[in-house]
Amino acid sequence: MTIIIDGKKIASGLCEKLSQRIDVLKREHSIFPCLKVIFVGNNPASQVYVRNKQKKAESIGISSETIVLPDNILENELIEKINELNNDRFVNGILVQLPLPNHINASKVINTVSVEKDVDAFHRENVGKLVKGEKNCLVPCTPKGALHLIKLVETNLSGKNAVVIGRSNIVGKPMFHLLLQENCTVTILHSQSKDLAEYCSKADVVVTAVGKPNFVQEGWIKEGAIVIDVGINSVSIEGKTKLIGDVDFDRVKEKTKAITPVPGGVGPMTIAFLMINTVIAACLQKKVDASDFVS
């Protein structure tokens, strides 16, 4: 019987537990987690993401503010704003909502965020810590959430064959390193890879994040595999817009041990782990043990 992984329910449980921990941190350590989100421009999809992040933060006791800046802001002005937040001791987490306008160097902006406040964990130093396998550090939210779902199904991943489809800095590459740290044998595939079906057919775990609707087919997946679909694709079906993943869900699910739907799979976990990262950042800044937050 295939497990349809309910990411929304799992994320809700994580946030409920986190809310209780935040109450303890406030009461016993005078830690009041604070997240600042910088949103440049007026991208409609980004507006939805930002609104959901702020709503979730406030619902569990994290102080949150979205700083909206015009899309014609100069790069140096944006960097000045980030440095202002870097120097604010009451701010624990800083998130720069991507994408940024074309005239702004996103890499430069991301690496301006203080390492200890980088709750997206995109700063080069946090990336280096992940690659080195350092514990008790900030890890990108989406792959961290995806790994949490995998380990709810299969607690011991040692020796498992895993395939990651997609090599982005946001999902694919960090997912590769997280699975490697679990002692998986990991293969990362991308747009130039050949024989994708052959690699996937040997995998115990498949994580896909390529942004291509119904890309992963039933014939690619072996019986009993765990399939984590990070893709979010907007398609028109019978005149209606619908969100679907990278996986041909209805066909693939029949072969899997467990699979995530889209929507309602990895997406809610991303927001949950952003909240967790914000609290971890606050604890690390205040020298309070945060090891039990790291899944």
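Glycine is no exception: its Cβ is also placed from the backbone N, Cα and C atoms.
Pulled from Swiss-Prot, these are the features on record:
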type	residues	note
BINDING	G166, R167, S168, S191, I232	NADP(+) binding site
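Overlay of Swiss-Prot annotations on the structure.
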| residue | record | DSSP (3 states) |
| --- | --- | --- |
| G166 | NADP(+) binding site | coil |
| S191 | NADP(+) binding site | coil |
| I232 | NADP(+) binding site | coil |
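Around the Cβ of G166 (NADP(+) binding site), a 10 Å sphere holds 24 further Cβ atoms from the protein chains shown.
Of all the Cβ atoms in the protein chains shown, 10 others lie within 10 Å of the Cβ of S191 (NADP(+) binding site). When every Cα pair among G166, R167, S168, S191, I232 is compared, the largest distance found for this NADP(+) site is 17 Å. Counting only same-chain residues six or more apart in sequence, the Cβ atoms lying under 8 angstroms from the Cβ of S168 (NADP(+) binding site) belong to A209. Within 10 Å of the C-beta of R167 (NADP(+) binding site) there are 18 other C-beta atoms, taking all protein chains into account.
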